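Peer 1: This structure is in structure tokens; I'll ask about it shortly.
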Amino acid sequence: MTAVKEVPRVSGGEEEHGHLEEFRTDPIGLMKRVREECGDVGWFQLADKQVILLSGAEANEFFFRSSDSELNQAEAYPFMTPIFGEGVVFDADPERRAEMLHNTALRGEHMKGHATTIEAEVRKMIEGWGESGEIDLLEFFAELTIYTSTACLIGLKFRNQLDSRFANYYHLLERGTDPLCYVDPYLPIESFRIRDEARAGLVELVQDVMHGRIANPPKDKSDRDMLDVLVSIKDEDGNPRFTANEITGMFISLMFAGHHTSSGTSSWTLIELLRHPEFYAKVQQELDDLYADGQEVSFHALRQIPSLDNALKETLRLHPPLIILMRVAQDEFEVAGYPIHKGQMVAASPAISNRIPEDFPNPDDFDPDRYEKPRQEDLINRWTWIPFGAGKHRCVGAAFAQMQIKAIFSVLLREYEFEMAQPPESYQNDHSKMVVQLARPAKVRYRRRVRD
């Protein structure tokens with residue numbers, strides 16, 4: 001360690017829990033200030049923890065290249081244990097976690113079947129829409145992406161046994177990610193109480209489905225989904241290996257990142273297209289041309305829509321699903337001449353890095369053409385274009401989330417015209433929880449398209 005400089009501290013945070021209250025109300029404002037005052041490496045106080053925020057290519061590269069044994073993820077997210085349950089993914093050791101997350105449903109050959117499944121789910125959701133009406137984006141996309149995620153990642157059989165209660169409980173669970181978890185994830189506050197009740201509700205729903213599966217085991221292999229497999233596993237004494245509580249935890253962990261990514265990004269993609277009618281028209285025309293011959297939504301077709309692809313990338317840059325990624329240092333390190341000590345929290349912020357003006361000119365503008373040759377700003381800035389992280393820590397579900405969103409819009413934009421039902425600037429994110437969600441109201445109007 002040759003570092004001699006001390007990591008600079010950002011201004012503010014004189015209260016008992018340091019910058020916690022500001023982090024709960026305006027996290028992006030706080031992190032912006034860290035970069036403005038301290039540069040690529042600076043720290044803020046989160047309850048009793050110092051969080052060293054890294055930004056810019058060099059510091060981010062260190063963050064994303066580090067292994068779990070160097071910068072540990074599980075320790076950095078105390079809110080995950082009450083949501084997932086003990087021993088599931090975030091509590092598991094890195095090898096077990098890699099094995100659990102390398103779910104077959106996310107492999108290439110399975111992705112091909114998912115496109116058709118997602119198209120069917122979208123059509124099911126909109127079959128009662130009629131000629132025109134209004135939807136709340138958060139409500140619609142949160143429910144739709146619960147069904148698409150469960151159908152693709154767990155199985156259609158399980159999906160077909162769900163109703164809107166599953167989506168409602170799941171939404172409440174995501175709201176239980178208040179940064180107060182850095183003081184104590186079991187504090188007696190309302191959002192944590194609701195979180196625990198919602199999780200118990202999910203366990204009950206899964207338990208009911210499990211009872212049915214035990215009473216009526218699958219006839220053959222083609223009738224089995226992931227739940228059947230988990231229910232059939234026995235321990236050495238011949239008893240069921242997993243409880244409903246554990247299986248619910250596995251399902252939550254499987255869907256957690258993918259669901260809120262797909263739900264929030266779908267909402268923001270539509271909002272940004274509505275704010276920029278010329279791009280909306282371009283994307284719609286591209287879809288009309290692609291599907292003009294009546295082909296179904298397929299994995300193959302979804303690889304041929306560059307305008308929608310670019311609009312989606314730009315939406316992800318401006319509205320990343322996670323605004324901060326955290327780890328805990330397991331050793332002593334040096335980054336850009338600054339020391340990082342064992343036990344300190346280290347963070348990277350997609351919300352900050354994605355808008356560095358030197359890398360992304362006019363960073364606040366929605367400009368999908370940034371991804372066209374020769375600019376290709378996502379490829380040139382591989383350590384600062386980080387809506388899904390980067391390097392070995394790139395989100396495991398990134399390809400699935402992007403494919404899912406493209407499949408959703410392949411149906412919606414061909415069947416309906418959309419328009420804003422409130423002022424363009426009134427659509428905002430709610431940053432009061434670690435899982436960012438759209439602030440309500442977030443309504444749009446739709447009317448069925450008239451075909452020539």
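Just so you know, glycine gets a Cβ as well, placed from its N, Cα and C.
Feature list, courtesy of Swiss-Prot:
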- 1-20: region 'Disordered' (REGION)
- Gln73, Tyr77, Arg327, His393, Cys395: heme b binding site (BINDING)
Peer 1: Take the region 'Disordered' (1-20) and find every residue of the same chain, 6 or more past its ends, with a Cβ under 8 Å from one of its Cβ atoms.
Peer 2: 30, 33-34, 37-39, 41-47, 52, 179-180, 182-183, 332, 334, 337-340
Peer 1: Gln73, His393: which of these binding-site residues has the highest Cβ count within 10 Å of its own Cβ?
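Peer 2: Sorting the candidates by Cβ neighbours within 10 Å, the top entry is His393.
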Peer 1: Setting Gln73, Tyr77, Arg327, His393, Cys395 aside, what same-chain residues sit with their Cβ within 8 Å of the center of the Cβ atoms that define the heme b site, listed in sequence order?
Peer 2: Ala76, Leu325, Met326, Gly389
Peer 1: Among Gln73, Tyr77, Arg327, His393, Cys395, the annotated heme b contacts, find the widest CA pair distance and round it to a whole Å.
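Peer 2: So the maximum pairwise Cα distance among the heme b binders is 16 Å.
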Peer 1: Counting every protein chain present, what is the number of Cβ atoms, excluding its own, within 10 Å of the Cβ of Tyr77 (heme b binding site)?
Peer 2: 20
Peer 1: Ten-angstrom check, please: count other Cβ atoms within 10 Å of the Cβ of Cys395 (heme b binding site), all chains counted.
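Peer 2: Other Cβ atoms found within 10 Å: 19.
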Peer 1: So if I measure Cβ to Cβ from Arg327 (heme b binding site) and keep only same-chain residues at least 6 apart in sequence, which ones fall under 8 Å?
Peer 2: Phe63, Ser66, Leu71, Asn72, Gln73, Ala76, Met345, Val346, Ala347
Peer 1: Summarise the region 'Disordered' (1-20) as counts of helix, strand and coil residues per DSSP.
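Peer 2: When I sort the residues of the region 'Disordered' (1-20) into the three classes, I find 1 helix, 2 strand, 17 coil.
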